[in-house]
Amino acid sequence: MGDLELGFKASAEQFGPRELVDIAVLAEEHGMDSATVSDHFQPWRHKGGHAPFSLAWMAAVGARTERIKLGTSVLTPTFRYNPAVIAQAFATMGCLYPGRVMLGVGTGEALNEIATGYQGEWPEFKERFARLREAVELMRALWTGDRVDFDGQYYRTVGASIYDVPEGGVPIYIAAGGPLVARYAGRAGDGFICTSGKGMELYTDKLMPAVAEGAAKAGRSVDSIDRMIEIKISYDTDPELALENTRFWAPLSLTAEQKHSITDPIEMEAAADALPIEQIAKRWIVASDPDQAVEQIKPYLDAGLNHLVFHAPGHDQRRFLDLFQRDLAPRLRALA
């Protein structure tokens, strides 16, 4: 297993831009190794929701921090964005903050793309995955600094060059919820991203073996891939608060089909708020005892995931960071 890293998920759907930057600065002060941000044009819920622009956030946090790694988890470089422009943006940030910037990518959700003008039926997974692979190929070509004539099925460049590129380009982390994309992440990604709370068999029997298989086919060691998981955790010494804090994130407990097909935050919110708190909390590690919390986190480490990014659902993120630094971080680092 690679070196253990502990990261913080900056929830752009829950906090405005200034507060979200301040929270990330706090995360570095509390010893976190990374901070990743979601990239939403629209939030999961209408009331109380936010959606600051992820790239502006990354640039602002980079200017106010010195050490913490920064990235998206995740951005879709294939619909409302042109991948060539995303390549330029991340190259610039990579020059500004050398060795600290990563690009986490995924296949996309209708919630963010339909509102910005995508026309027609939301594409099936096969097309979304094909677009992602093509976008990754194009971005990597542009990060060489060479002139790129690219004539793909979805994207095209003519004599395109990015003039300011960090040495080695920008690490790409590929998000996967199933073995097909996980295999691709093992073959082509610098990192792999998944999310917790979906049954350990998914990670032990499907995702991690697929990452290893993809790496082997590419002649790579799986240890060369940063294996990141967003751990949904509601930890608080007050057990009632730990449970209640999950309510804001009820949309995560909708079915995958609902999350990928609903295009309106108002509709998403209505569907999510109809769920009972017990169902909402199932996606989360809800704990008030630190040893019990770590006991539920440890299986992900045992499965081979080395970069744990913690997503806390409560509105008081400073409280979570204080408790995490005091109660959980020492126990987790002792495991490694």
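Placed from the backbone N, Cα and C atoms, the Cβ positions cover glycine too.
THR76 is the only one of THR65, THR76, THR144, THR237 that Swiss-Prot places in the coenzyme F420-(gamma-Glu)n site (with ASP39, THR107, GLY108, ASN112, GLY177, GLY178, LEU180, VAL181). The distance from the Cα of GLY178 (coenzyme F420-(gamma-Glu)n binding site) to the Cα of LYS259 (substrate binding site) comes to 16 Å. For LYS198 (substrate binding site), the nearest neighbour among the listed recorded positions (THR107, GLU109, ASN112, VAL181), judged by C-alpha distance, is VAL181. Cα proximity to LYS259 (substrate binding site) (within 10 Å) is found for the following recorded positions from ASP39, THR107, GLU109, ASN112: GLU109. Apart from THR195, LYS198, LYS259, ARG283, the residues listed for substrate, the same chain places the Cβ atoms of SER196, GLY197, LYS232, LEU252, SER253, ALA256 within 8 Å of the centroid of those Cβ atoms. Across the structure, ARG283 (substrate binding site) and HIS40 (active site, proton donor) are spaced 20 Å apart at their Cα atoms.
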